[in-house]
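Worksheet for the structure shown next.
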């Protein structure tokens with residue numbers, strides 16, 4: 001009875017912890033998105049400089065990651081050659097900087113709710129680019145599902161009351177760059193046995209982003225900021241915003257490390273619905289019935305995609321477990337044959 005009670009208590013503790021990690025990630029992701037919208041939107045804080053905001057995030061994250069790795073030694077740096085860094089990490093840093101730049105720029109032109117609807121295209125982009133780069137195999141059923149997601153997003157876009165072509169272009173560009181980054185992480189890093197946690201990821205990638213973003217910043221935003229004499233750096237606003245952005249990366253590590261990437265995908269769907277509700281009720285963005293109808297179609301497609309991924313993972317685990325007894329039997333047979341051979345040689349001698 002005691003053992004059963006202890007087991008139930010242990011399981012309950014794990015369930016509570018898992019939901020806690022999910023809640024923390026949803027809260028931080030929600031906060032960063034709304035906070036970025038607040039800073040960049042001309043009707044709110046009115047600081048429409050997305051490259052500058054992204055550079056502040058990357059500068060803060062680079063500095064804090066450096067302290068955690070080299071001073072406090074919370075985690076060990078990843079061992080890699082300069083050649084691997086230049087050919088693998090730097091391209092990923094370039095794509096990440098472009099993704100962050102464009103996605104933050106979209107907040108100036110689009111509502112929070114519509115941006116979340118457009119982000120539903122991420123599985124479509126990841127799968128399509130994976131097929132192009134021969135990381136994924138083409139399957140008619142999967143592609144049909146991708147088309148259904150795209151169809152749902154197209155309906156949502158058709159029903160958008162505040163549709164802005166440039167804003168949509170920016171967000172779709174961000175989705176494409178982010179999807180390419182995710183696929184290249186598998187090709188350039190995972191395949192070579194290089195894995196990052198969020199701290200080491202920021203330690204290596206954030207300085208690259210900062211360097212790449214400084215080029216368009218000097219051309220696009222620096223002249224405007226230089227001529228804006230009324231601007232004074234608000235340490236409270238930008239400091240807390242940067243802390244939230246860094247904390248979000250740690251929350252991703254907790255959520256994926258303690259649960260799974262699939263849990264994060266499901267939690268992402270919950271977060272998107274919460275953001276849509278918040279955008280409509282608090283920010284007073286217009287959400288039309290056609291918007292919702294289209295997003296429901298896309299949502300069902302994404303849910304099916306996650307379900308298919310889960311089934312594939314379960315099948316892979318089952319195959320792995322089934323192959324283990326065969327391997328053990330083969331090893332046992334091999335040991336017996338070796339033992340027989342040894343005995344025979346001893347008797348011959």
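Backbone N, Cα and C define each Cβ position, glycine as well.
Remember, TrEMBL labels are computer predictions, not curated facts.
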Stretch carrying transmembrane segment according to TrEMBL (options 235-255, 319-339): 235-255
Selection from 16-35, 235-255, 262-283, 289-306, the stretch that has most Cβ pairs under 8 A to the transmembrane segment (47-72): 235-255
Stretch among 16-35, 84-102, 262-283, 289-306 sharing the most Cβ pairs under 8 Å with the transmembrane segment (201-220): 84-102
